[in-house]
Amino acid sequence: MNFEHISREDNEIYALIEKELERQQNGIELIASENVASEAVMEAMGSYLTNKYAEGYPGKRYYGGCYVVDGVEEIARERAKELFGAEHANVQPHSGSQANMAVYFTILEHGDTVLGMDLSHGGHLTHGSPVNFSGKLFNFVSYGVDKETEEINYDVVRELAIKHKPKLIVAGASAYSRIIDFKKFREICDEIGAYLMVDMAHIAGLVAAGLHPSPVPYADFVTSTTHKTLRGPRGGLILCKEKYAKDLDKNIFPGMQGGPLMHIIAAKAVCFKEALDPSFKEYMARVVENCKELGEQLVKRGFKLVSNGTDNHLILVDLNNKDITGKDAEKLLDEVGITLNKNTVPNETRSPFVTSGVRIGTAAITTRGFERKDMEEIADIINETIINRDKDLEKYKQRVKALCEKYPLYK
């Protein structure tokens, strides 16, 4: 990208932008919620559209001069509906958290009971964590994974639903590596008369590519981010049945947001177009293939995977048998150029700021071009770095650098 203006006007920020690019170019990105946006997406984010205020919706704005950005938002909405087979799409949420908040405000009253996945078992902050608005405003009851299989036990979910009679059940996760059965969640909701919301932020790309069952036919509302496996800008998205569209839209604007970010909505439209291309399905298939292979290579080196494997773009690694915490593993691997994040594991005994595991994803490295054959080397570097953590790590830094040089970023 051309940074001639910022390099001249604000060299301090320009220097940090260049430093971050260098970090990304020379590092292996394994954070499951990150990806590498295309230059087309980034150009949209940096476009003239950032200048336009557009409170409201296409054809019903509170400002003049919106006839151009109306077209942008209409394209984004139509592409989102086509991509996921949805009746209605709202592309205005600034984030996934705000998308979830908008759904809650559409169908819940303060204090209503909601059933969501426990954060320590793979859920998200907005699925009822007591430190989050969701846990403060609503009465969340949590379900988790089975102690033995480390997968969702739908019989237990049903029992909790019958016992607590939630008005809403939230399906979806931020650290769950297995296929989620949305049909079973729908059946449970129908049995007790509850709404179903699916947070597919992590798996949206897989759903778009047909590599994970779609929640759209089963859920009343589906929320997502656009920057994880969808490989777009940082932002949110909501899909819903047409009968909820009017109430949902007014809970986003004027309910909880003012002006939409039109440059980001344009970038969302670009990413939806990219995801509609047949090549995106091939990309997502490689993401899953790489993730499965990386998991298998780690298992060969004595690592334990939560639920013993993966069906998607991420693996959760239990480090209890490696005599290292998630926090220390994250810091250690960062030193050699591998970024991932500490993560709680089922039956966690440590603080969420320390943890007993790490979460690993392959979306970003696959975008960059990493292939299945590279997963063995990545697993080997991770393993040897942890084993030799008290020794000189320079040779592992060089191995990371050598891998990265094979797959240049933004060149």
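Note that the numbers count up from 1, one per residue, in the order the chain is shown.
Including glycine, each Cβ sits where the backbone N, Cα and C put it.
Among the features that Swiss-Prot reports, (6S)-5,6,7,8-tetrahydrofolate binding site is placed at L119, G123, H124, L125, S351, P352, F353. Here Swiss-Prot flags H227 as site 'Plays an important role in substrate specificity'. Residues annotated as N6-(pyridoxal phosphate)lysine in Swiss-Prot: K228.
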Count of other CB atoms lying within 10 Å of the CB belonging to L119 ((6S)-5,6,7,8-tetrahydrofolate binding site): 24
Whole-number Å value for how far the residue listed as 'N6-(pyridoxal phosphate)lysine' lies from H124 ((6S)-5,6,7,8-tetrahydrofolate binding site) (Cα to Cα): 14
Cβ-Cβ neighbours of H124 ((6S)-5,6,7,8-tetrahydrofolate binding site) (radius 10 Å): 23
Taking residues L119, G123, H124, L125, S351, P352, F353, which bind (6S)-5,6,7,8-tetrahydrofolate in the record, the widest Cα spacing (Å, whole number): 16
Inter-residue Cα distance where the pair is H227 (site 'Plays an important role in substrate specificity') and F353 ((6S)-5,6,7,8-tetrahydrofolate binding site), in Å: 24
Fewest Cβ neighbours within 10 Å, where candidates are the binding-site residues G123, P352: P352
Cα-to-Cα gap, S351 ((6S)-5,6,7,8-tetrahydrofolate binding site) vs the residue listed as 'N6-(pyridoxal phosphate)lysine', nearest whole Å: 26
Cβ neighbours of L125 ((6S)-5,6,7,8-tetrahydrofolate binding site) where a neighbour is any other Cβ within 10 Å: 16
L125 ((6S)-5,6,7,8-tetrahydrofolate binding site) in three-state DSSP notation: helix
